[in-house]
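K.L.:
I am attaching a structure below and will ask some questions about it afterwards.
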Amino acid sequence: MQRRDDPAARLTRSSGRSCSKDPSGAHPSVRLTPSRPSPLPHRSRGGGGGPRGGARASPATQPPPLLPPSNPGPDATVVGSAPTPLLPPSATAAAKMEPENKYLPELMAEKDSLDPSFTHAMQLLSVEIEKIQKGESKKDDEENYLDLFSHKNMKLKERVLIPVKQYPKFNFVGKILGPQGNTIKRLQEETGAKISVLGKGSMRDKAKEEELRKGGDPKYAHLNMDLHVFIEVFGPPCEAYALMAHAMEEVKKFLVPDMMDDICQEQFLELSYLNGVPEPSRGRGVSVRGRGAAPPPPPVPRGRGVGPPRGALVRGTPVRGSITRGATVTRGVPPPPTVRGAPTPRARTAGIQRIPLPPTPAPETYEDYGYDDSYAEQSYEGYEGYYSQSQGESEYYDYGHGELQDSYEAYGQDDWNGTRPSLKAPPARPVKGAYREHPYGRY
């Protein structure tokens, strides 16, 4: 029985022998461009189910993977994709760990390839590489959105320029700080923000400020900026922006170059208190503050031969409404109100009788009227004509109906016509218990 060879296996054996005998020393997996296309694998006549046919067809269906040449020859032609650029090992590891972050290797490659004469470009690249290494890169896109739902605290910073160029002679720093820094402390407590004065000219010692500015310390980097007020707020977004607006509105009041406003006047008064200036005396009747107040009265001269000042109270002179010593006091009449500050009258003499206040009518006063005494009939004759004229009227008839004549005769004894013949001063009050001629005689 004649044995037939497979053409595919024959081609594989011939290519293996040619590769092994390649004088260029190329890798066995690298093959040169063939002179004619390789024929397709054919199945054996036995249906491909035999072990011999399957073993011979497997090398053609599954060829070994092609690898990039380590050191290809000059005449070798590689079939496949273009070779990838060579990268440093550290950059390759970073690219494998973070495939999305390709910005840092590119910056480092550009910095290495850049000429050192480009100083500004080298400085900018160094700053950018440092930011990326610290993890501060590409955060600007994330900060464009405010998260109001989570209520996370945020920090706001604003720099308010002080108009020293427009008003170079005005001391804005002293007005904002205040005496011993008390003004800016109260301003921070009122607004709830951190406020500080920074920039060129913010320090009192100019020599020290210049020394710190040239020192290059990042803490004093603000000395290279213009004079400004730095406002810093920390809190939830809504509250932080509200506090910032309030703080900026209050700081704006201190940027007015006016030495006579309320802020400067309060600072002058506070400075006088801190320096130990005594406060104006506070006595009775002496006004301390306020515009338009009357000046204090001059001192009263003392000594013999000097008269009292106008409107002054002299000891021993009667005051309006007061009782003079030795004057007659009428019983039943309340004394006039006394003047505040006037000396009280003394009632130790025998001519003045002390009367209790307010006067109460005593029951013994009715005993002086003498109801048992008889009165003269002179006054009844005067009323007789009036009674006869009004008797016909119903009004007076009803009042007089059923009464006796004796009730009118009892009042007829009173001499009304001769009681007050003229307007004269009433007589002095008689001694208690004496007989009166008339019950109303004292009037």
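Cβ atoms here come from the backbone N, Cα and C positions, even for glycine.
Below are the features listed in Swiss-Prot for this protein:
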MOD_RES   S20  phosphoserine
MOD_RES   T84  phosphothreonine
MOD_RES   K175  N6-acetyllysine
MOD_RES   R282  omega-N-methylarginine
MOD_RES   R284  omega-N-methylarginine
MOD_RES   R315  omega-N-methylarginine
MOD_RES   R320  dimethylated arginine
MOD_RES   R331  omega-N-methylarginine
MOD_RES   R331  asymmetric dimethylarginine
MOD_RES   R331  dimethylated arginine
MOD_RES   Y435  phosphotyrosine
MOD_RES   Y440  phosphotyrosine
REGION    1-95  region 'Disordered'
REGION    100-260  region 'Involved in homodimerization'
REGION    280-317  region 'Disordered'
REGION    326-345  region 'Disordered'
REGION    351-443  region 'Interaction with HNRNPA1'
REGION    400-420  region 'Interaction with ZBTB7A'
REGION    411-443  region 'Disordered'
K.L.:
Measuring Cα to Cα, how far is Y440 (phosphotyrosine) from K175 (N6-acetyllysine) in Å?
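P.N.:
A Cα-Cα distance of 84 Å.
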K.L.:
Once near-sequence residues are set aside, which residues in the chain of K175 (N6-acetyllysine), 6 or more away, have Cβ atoms under 8 Å from its Cβ?
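P.N.:
Set apart from K175 (N6-acetyllysine) by at least 6 residues yet with Cβ under 8 Å, we have T183, F254, I263, C264, Q267.
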K.L.:
Count the other Cβ atoms sitting within 10 Å of the Cβ of Y440 (phosphotyrosine), across every protein chain shown.
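P.N.:
Here the count is 10.
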